[in-house]
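Taken from Swiss-Prot, the feature NAD(+) binding site covers TYR139, GLN204, ASN236. Annotation comment: Swiss-Prot describes THR259, GLN281, HIS284, HIS351, ASP384, GLU438, HIS443 as substrate binding site, evidence class sequence analysis. Annotated Zn(2+) binding site per Swiss-Prot: GLN281, HIS284, ASP384, HIS443, in sequence order. Positions annotated as active site, proton acceptor by Swiss-Prot, on the basis of sequence analysis: GLU350, HIS351.
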Amino acid sequence: MLRWGVMSENIMRIIDLRGQNLSRAELLAAMPRAAMGTSEATDLVRPILDDVKERGAAALRDFEEKFDHVRPKNLRVPVEAIKDALTTLDPEVRAAIEESVRRARAVAANQVPKDFYTDLAEGARVAERWIPIQRVGLYVPGGKAVYPSSVIMNAVPAQAAGVESLAIATPPARDNEEGLPNKTILATCAILGVDEVYAVGGAQAIAMFAYGAKGSEPQDGDILCDPVDKITGPGNIFVATAKSLVSAFVGIDAVAGPTEIGIIADETANPSLLAADLIGQAEHDELAGSVLFTDSTEIADKVQESLKYRVPRTEHAERVHTSLSGTQSAIVLTDGLDQSIDAANAYAAEHLEIQTKDADAVVKRIKNAGAIFRGPYSPVPLGDYMSGSNHVLPTGGTARFAAGLGVHTFMKPVEVIEYDEEGLKALAARINAFAVSEDLPAHGECVLSRFVKDPYDKATLREQEKEAGLR
């Protein structure tokens, strides 16, 4: 056990990139990452998915008893329990949640994409409509902490997108004899107006959303839960594996790994604040990644000293120490700001803080990050709770090609092709030529049939095209 006092040894390892002209592949390989084996998780999760698919609510109750050590009487939380949770919510916590919701809704309202159209010629238009996904399942994890903030981050953009049907699954609280979820989570659902909530966690919750679940007891009804079109929300490796396994036939936001922070800092940064920010992320999980990129050995040394003082004094000291001393965390020493930026882009952090003299200039050069936190007064916990931004972000380097959760996550763009007779007529001969070149003549014949008498008479086709005004 870690106790009050000052630690003697440095906590974080050093990765020294100075004096090295690394290729892109070498830079990617040098970044600190935890080894994430998924084969064992897959072997454990697949039978859970199959059992829920087959037995529905009966399997869900069995798995809740096995994994969460409680057998919920009502897998679907009664609406009265959701309302009651709000009446007993601490007023200060309620005010914080409501402010978070207000800010998240303001940002989400501006994220709603607009339909548009392009006129290419007379009678030739292509439009794009953004259509909300009809039914979405939102997963809110339990485990080491309670996450009402995850309810907000998932539900608010879905509501802004216009999703018709929202369902939330979250594990039952182990200290609740009835098997109800945490009351703060239920109260947050009440504030957001979400009343379809299930006391189901883990891989079994993902299975319920993906396949739906038939009832097994009278209170369940014939159908406990209808299948959804998309599943969003963070979770542990078993939740992530389950999402991956069902993603062939139901949409998912991402396969999320452990949370992570990257910080670019120069000699102007405050080392005590840097240490506090690294600790704040490490608090999430023993596998959480915390990485500092700096060209200042003085800053690196002072951060190590601050960590020695701070880590033993934080409540979850053992968890934090395990995370910061793990292979997924490091202080990366660079030759200068340019190399720090290159390394940060290679790392592609879920959260990237910029604590440098000219933060705006650095922000403009960031290509890969789930979210960017500019300056010392924009720490990651601000984004976790209250900034208005979304905290469901790509992890494990996937910010190189993926984005965080937003209104767009819950919508799909659909193109509408609107050509009239003259618009198609102007292209008919060219479409036919294109189709023939790909050995798909029926494609061309389909178009020509609208203008010529016999598109199959190749001997007279060119003449027919001329008579029809296609040439």
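Each residue, glycine too, has its Cβ placed from N, Cα and C.
Where Swiss-Prot records a feature, it is marked here on the structure.
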{"residue": "TYR139", "record": "NAD(+) binding site", "contacts (Cβ under 8 Å, 6+ apart)": "ASN154, ILE168, ALA169, THR170, ALA205, ILE206, PHE209, ILE231, THR232, GLY233, PRO234, GLY235, VAL239"}
{"residue": "GLN204", "record": "NAD(+) binding site", "contacts (Cβ under 8 Å, 6+ apart)": "ILE48, VAL52, ALA59, LEU60, PHE63, GLU64, PHE67"}
{"residue": "THR259", "record": "substrate binding site", "contacts (Cβ under 8 Å, 6+ apart)": "GLN281, HIS284, ASP285, ALA288, GLY289, GLU350, HIS351, THR395"}
{"residue": "ASP384", "record": "substrate binding site", "contacts (Cβ under 8 Å, 6+ apart)": "SER149, HIS391"}
{"residue": "HIS443", "record": "substrate binding site", "contacts (Cβ under 8 Å, 6+ apart)": "ILE431, ALA435"}
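Ranking the binding-site residues ASN236, GLN281 by how many other Cβ atoms lie within 10 angstroms of each Cβ puts ASN236 at the bottom. Taking only the Cα positions, the spacing between ASN236 (NAD(+) binding site) and GLU438 (substrate binding site) is 47 angstrom.
Under DSSP, HIS443 (substrate binding site) is assigned to a helix (H, G or I) in the three-state scheme. In the structure shown, across all protein chains, HIS351 is the one of the binding-site residues HIS284, HIS351 with the greatest number of other Cβ atoms within 10 Å.
If you take the C-beta of GLU438 (substrate binding site) and look for same-chain residues 6 or more apart in sequence within under 8 angstroms, you find none.
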